[in-house]
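Take a look at the structure set out below.
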Amino acid sequence: MSAWKSIAKEAFTQTCLVAKFLGFLHLTNNYLFSPTLVYGPSMLPTLNLTGDVLLVEHVSHRFQKVGPGDVVLVRSPLDPTKMVTKRIVGMEGDQINFLPDPSITDICRTIKVPKGHIWIQGDNTHASCDSRHYGPVPYGLVQGKLFFRVWPPSGFGSFDQ
């Protein structure tokens, strides 16, 4: 019987170790920082077309510490299953002047960002679906702020904006 007791004790110890690791991984990934793959033309030349692996921290936006110029990961207002990476151009109360579609017209529009919202745009205005198309984005959709580039190796290091 003591052999079974020893095996059960070892199994319980190993299970607790795995549970602690998974709990640590969950907390780190959801509340501190997580890796994300970003690709597409909307943030050229800041981010690569073929993809960058970046670390996104999940603390700043919870304390309202993101602002104009920061590149953020945002849940898409058009498709909540997708995330988009855009630059914050304006915060609540800001007046934003923008071209709705720079490839078609040069008529400028102005909008005041409402309370609890931000205005986001891709760096490549000709190939970005952003606030110019769907309007101000609720601040609650911000998931994190990009802070470190992991891939490609030539860009490894702090994410300079």
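Positions of Cβ are set from backbone N, Cα and C atoms, glycine also.
Listed in TrEMBL:
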type	residues	note
DOMAIN	21-98	domain 'Peptidase S26'
ACT_SITE	SER42	active site
ACT_SITE	LYS86	active site
DOMAIN	111-151	domain 'Peptidase S26'
Protein Cβ atoms within 10 Å of LYS86 (active site), excluding its own: 24
Mean predicted confidence [pLDDT] for the domain 'Peptidase S26' (111-151): 90
The domain 'Peptidase S26' (21-98): DSSP-derived helix, strand, coil residue counts: 16 helix, 29 strand, 33 coil
